[in-house]
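One structure is given below, encoded as structure tokens.
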Amino acid sequence: MELVVMGILAAVASMVFFGSFAVPMKTTAVLDAKMDPIIFQSYKSFVCFMTSWLVLIYTPLKFTWWGMVGALIWVITGSAAVLAVRLVGIGLAQSLWSSLSIVVAYIWGAYIFKESIQNHALSLLSVFIMVMGMLGVGFMVGLESKEDAVVPQDEHKVDSLNELDSSPLLRDSEPSGRSGNRHARGVQSGLHILFKGIGLATVVGVLNGSFLIPLKYAHEDVVGIEYLVSFGVGSMAMTLLVLGIYWCSCKTLGYTFPSFKFRQGAGPALLTGLLWSLGNYLSIYATLYLGYSIGWPLVQCQLLVSALWAVLYYKEVKSKVAAIVLIISSLVLVGGAVMLSYFGTVG
């Protein structure tokens, strides 16, 4: 029982850090600097690499190549997450990937790794309730920002949408051509951006739901937090590899390799890496004590934290109806999480 309580506390703390790590991505400094997502991810990986060594204070040094696999998943997920947040907003993006993460993680834990579940039917119902709550939260948070993106009201917003293509990752393969109607261009560009963002959030959800799977396969080499050093080394190695591939691609396609923009964006990017690393550290304990099928879905309640940021700080929800639906959806999400904690057992 004590381990279960510790696991729940770790999951709650993890969701606070995970729910806040995307906030620095939308700071004025980062948006004005137009930092490339892979460059932003590089700063995150650096922090992850540096902080991973701190666990050696109380755990022996061990290494597993599974850490490289986990790091590759993270580097891809991190870059896609930055793009998704930038394109469709923190509320919509994080609700989509968190919902998918719950389903994918539950499938891994309950059906692939055969973790012990006290009541499969009620656990599945709990997962379904959590997903419905998350979709409600995300829909309400992202609705108004989505409408603003699809139908810009002035030329400044049209220009802002087009400026997203400043990154080679966001450029279309075909030239935009001539257009006599800036409003029509804005609508088309907005829809294109919306679909890109949703697609990227879906990729993040599937990969994020599988994020700690390498740790499960590495159990013969490392246990729990011993995995962190391997992951930190892997994150730096994979980031350097991705940067190399990205540089070659830019040169081949005739694009200028993006600047690291240390003065403008390094601070927010490093803070993002620190918040994420703290969330990752605590999530390992959550899944260790609660099992993957229970611990990881609970961690995905990070959406509640990101929704609070979106509503209270970014003011993405303005209408009373949206606020009421948001509160109800949040209660549904919490209720599903409580049910999952009760009907699931440690794997």
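Placement of Cβ uses the backbone N, Cα and C atoms for every residue, glycine included.
Feature annotations, courtesy of TrEMBL:
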TRANSMEM  6-25  transmembrane segment
TRANSMEM  37-59  transmembrane segment
TRANSMEM  65-88  transmembrane segment
TRANSMEM  95-113  transmembrane segment
TRANSMEM  125-143  transmembrane segment
TRANSMEM  193-215  transmembrane segment
TRANSMEM  227-248  transmembrane segment
TRANSMEM  269-288  transmembrane segment
TRANSMEM  294-314  transmembrane segment
TRANSMEM  321-343  transmembrane segment
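Between the transmembrane segment (6-25) and the stretches 227-248, 269-288, 294-314, the greatest number of Cβ pairs separated by less than 8 Å involves 269-288. Under the criterion of 3 or more C-beta pairs below 8 Å, with sequence separation of 6 or more, the transmembrane segment (193-215) and the transmembrane segment (321-343) do not qualify as touching, having fewer than 3 such pairs.
Contacts between the transmembrane segment (227-248) and the transmembrane segment (294-314): absent, as fewer than 3 C-beta pairs lie under 8 angstroms at sequence separation of six or more.
By the Cβ criterion (distance under 8 Å, sequence gap of 6 or more), the transmembrane segment (37-59) is counted as touching the transmembrane segment (269-288), at least 3 such pairs being found. Taking every recorded stretch in 65-88, 269-288, 294-314 and counting its Cβ pairs under 8 Å to the transmembrane segment (95-113), the highest total belongs to 294-314.
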